[in-house]
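So that you can see what the record holds, here are the features copied from Swiss-Prot:
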type    : residues                                                       : note
BINDING : GLY607, PRO608, ASN609, MET610, GLY611, GLY612, LYS613, SER614 : ATP binding site
Amino acid sequence: MSKSAVSPMMQQYLGIKAQHTDKLVFYRMGDFYEMFFDDAVEAAKLLDITLTTRGQVDGEPVKMAGVPFHAAEQYLARLVKLGKSVAICEQVGEVGAGKGPVERKVVRIVTPGTLTDSALLEDKETNRIVAVSPDKKYIGLAWASLQSGEFKTKLTTVDKLDDELARLQAAEILLPDSKNAPQLQTASGVTRLNAWQFAADAGEKLLTEYFGCQDLRGFGLDGKEHAVAIGAAGALLNYIRLTQNLMPQHLDGLSLETDSQYIGMDAATRRNLEITQTLSGKKSPTLMSTLDLCATHMGSRLLALWLHHPLRNRAHIRARQEAVAALESQYKPLQCRLKNIADIERIAARIAVGNARPRDLASLRDSLFELAQIDLSANGSSLLETLKAVFPENLSTAEQLRQAILPEPSVWLKDGNVINHGFHPELDELRRIQNHGDEFLLDLEAKERERTGLSTLKVEFNRVHGFYIELSKTQAEQAPADYQRRQTLKNAERFITPELKAFEDKVLTAQEQALALEKQLFDGVLKNLQTALPQLQKAAKAAAALDVLSTFSALAKERNFVRPEFADYPAIHIENGRHPVVEQQVRHFTANHTNLDHKHRLMLLTGPNMGGKSTYMRQVALIVLLAHTGCFVPADAATIGPIDQIFTRIGASDDLASNRSTFMVEMSETAYILHHATEQSLVLMDEVGRGTSTFDGLALAHAVAEHLLQKNKSFSLFATHYFELTYLPEAHAAAVNMHLSALEQGQDIVFLHQIQPGPAGKSYGIAVAKLAGLPVRALKSAQKHLNGLENQAAANRPQLDIFSTMPSEKGDEPNVGNFVDKAEEKHFEGILAAALEKLDPDSLTPREALSELYRLKDLCKSVS
C-alpha cells in the first residue's frame, strides 16, 4: 500500500509494523492498545473482541480492534498461552508537542519465554527460554529464566535432546533458521533466528562484554571445545536484549552443566513418574502437588526444580538432610514467617528490566524486614548457617525503600501517592498545595455567600470542568459582574471567577508537577536498586531454599518420612516403603519392602491386573528420587547405593504425530533403555511385549530381561504377565521372583497389594474384567475359552520351546528354551519348597494365612 495515501499516524504504525511482521503490535492510542489490518482480524478471533473499521487505505476499510490499557495484561496472558508474541508500542512523546503524530516506539516485546510480569506467569512454575544450536557432533544448549536470573549452558547429543527439553520445560525455543532438529518439527513455541546470531565468536564477544571478563574460562567454557554452547548462549542473550529493549543486569554468571551433576531421567521417565504433571496432563495429583507445602511461590518453584534435578553429589545431599533434621523442631514458626514473604525473585526481575510497580517495591521492603527477623538454630547445619546469614545483608536496602515509598502506595505510578512524605521537599510542597485546597474552597464559598448574599452558592470541583461556583436558576440572574458563565444546567448555572481560576491553575499545575516529579523520583529509586540486585537475588534464593527445607521437615514430621542412608556398594534396601502420592489418596496404604543388591539385581514382578505392580515400581523409583533431593522418604528405613540414572517403560500410548504405533513407542523406549542403562541405573519395565502377538511378546520380554541381567546389570523391576518368564531365576542367579498377592472369595477377588516371594499363581484377568463391569455373558464366554486354552496348554507343553528358535550372540541355542521344557516340574517343586520354608505360621494373621493357603493351592494346581 502507498504510505502517501494514509494519515501520518497510520504511516507511523506501518513503519513500526514493518519491523515486527511476525508479531502482533499493540499500538498505544490514549487509553487503548489498538491493532490494525491482519493483526486486528487475528486478535479479534483469538481474544473474542470486537472487530471494527476506521477510515480507508487504498479504498479498503481499515480493520481495527483494541483492548483497554488498564486490562491489557489479561489479554497478553491469553495471547502468550497461545504461543503469540506481542510488540508493545507506547506513546513516548508529549501529546501536541509537534505538528505530526505523538512519538511512539516499541518499548518491549512480550514472548512466551521472556515474561516478567506476574500477571502473565504461573506462580509456581519457572518460565524458561532455551536456545538450541545443532552441530555435526553436539548440540549446544543455553537456557535462561528472566524471573530468577538463571543462565546456563550445556553440550548434549541428538538422541538426548528430547530428554533435555523435557527436563527444562521450555516456554520458548530459539533455533537457527538454517538448522533442522527433527524433535522440534512439531514443537510449539519455536522461534527461528538468523543463523549468524548463533556464531561462536559473536557469542563469546557479547558474553565477555556482558560479564566484564577477558574470556569464558572462568565459567568452565573453552572457546573450541564448547563453541556450539557458547554460540547458543550468545544468541539467547542477544534475543533477551532485543525483546526487553535493554540488557538486563540480573542474569547469574553463566555456568556449564554436565550430566554427572544430576541423576539422569529421560522424557518418558519424567512423564511416567508424574513428577509435575499427570499422564493426562493435569497438575494434580502429582509428586509435586502432593509434597508442596511451601509457604512461598519461590519455594514451590525451587521444589519443582529439585524434584526434576536429583543430586548425585552425596555431600550436597547430606547438607540438605542435616538442614531438614535441624528444622524439625522449628519448621512451623519458620513457615508462618515465610507466608509473609512476597515473590522477591520476580520483583527483582522486574526491577532489572525496569517495569517494577510501586507495590512491588512496598512488598519488597516489607519482605526484607521480615526476613531479617528470622531467627534459627542451625544445630550443626552449615547450610542453615549460610542461608540465615544472607538476610541481614539487605537491611540497608529495606531502609532505603522505607524512606522512599509510602507504606501503602497506589497500584499505578500514574495515579500518584507513591513516594513517601519527607523524601523530597519539593514534592511535599506540591502536595501541600493540592491537599489544602479544601480549606481554600470552604473559605471562598463562605466569603462569596457573604459578598453576594446568594444562599444557594456552592464552590465545587469535577474532573471534566475543574473548579466552579454553582448557583440555582433563580439566583443565577443575581450573579456579580465578575462571574463568568462556565456551564448551563437544567436547574443551575456554573461560573468561574478570576480568583477561582488562578487557584485552579495553581492546583492543576501542582498536580501535574507532582506526578512528573514522582515518576522521576520513582525511576531514581529503581535505578539505585540495580546495584542491590545481586543481594536481592541471593536473599530470594536463600528464602526459597529455607522454604523447601522446612517443607521437607514438615513431611518428615507429619507424614512419617525417614532419613535415607547412602551406601558406597550397590543396593536398594527399602523397609515398608510407601508411594508418596497414592498414600495420600487412599484410606489405607499397604507398605512393602524392596531388596536389590549385587546378588539380586532384577526383580521379576508378577501378579493380577490392578494388583499394584505399577504403583509398587513407581514407589521404588520415587523413593530413590526423593532421597537424592535431600528429602526424607516414605518408609521405615532406606539404604541406597550409587545411582546414575532412572529409566521407566510403563504404560501404553501411541505417537500419531510421528506415525508411531503403541508398540513402536514401547520398543523405542525399551531400545533407549538397553542402550543407555548402566550398572548404577534403576530400570522400571512394565509389560514389555504386550503390544504384539503372544509368542513375539514373550520372546521380546525374555530377551529384554536377559539383556538387563547380562549386559546392563542394572537394578531392574520387571513386571510381566508372561508366567513363562518366572523360570529366569533358575538360569540367572541375579533374578528373583516376587508377586503381588490377591485373595479369591468365590468369584470375587480381593487385592492385598502385598509383595510376596515367588511367582503369582494366576493373573485374575477375568475377575478384574468383572470389576470393570463386563456383561455376564461375555465373562462366561471368556471363562469357557480360558478353560479350553489351559487344557490345551497342559496337553501341549512343548509350545514353551519358542526360545529354541532364537540364536544367541555366540551362535548356540539359548539355555532358557531347553530348560523350560526339561526342568519345569523341578522348578515348581523348588518354588513350593521355598515358599513353605519362608512361612512362619505363628506370625501370620488369619487373613495372611488364608492368602498363603490359596497361593500354595494355585501353585500345586500348576504343578499337576
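Count begins at 1; order follows the chain as displayed.
Placed from the backbone N, Cα and C atoms, the Cβ positions cover glycine too.
Note that this is a predicted model, so its numbers are computed, not measured.
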- [ ] Starting from the Cβ centroid of GLY607, PRO608, ASN609, MET610, GLY611, GLY612, LYS613, SER614, which together make up the recorded ATP site, report each further residue of the same chain whose Cβ lies within 8 Å of that point, ordered by sequence.
- [x] LEU740, PHE751
- [ ] Mind telling me which of the binding-site residues GLY607, PRO608 has the densest Cβ neighbourhood, counting other Cβ atoms within 10 Å?
- [x] GLY607
Task: Sequence-distant neighbours of GLY611 (ATP binding site) in its chain (C-beta under 8 A, six or more apart) - done: LEU740, SER741, ALA742, PHE751, HIS753, ALA760, TYR764
TODO: Translate the DSSP assignment of LYS613 (ATP binding site) into the three-state scheme.
DONE: helix
Task: Under 8 Å by Cβ from LYS613 (ATP binding site), same chain, sequence gap 6 or more - done: LEU605, THR606, GLY607, ASP686, ALA719, LEU740
Task: Structural state of PRO608 (ATP binding site), classified by DSSP into three states - done: coil
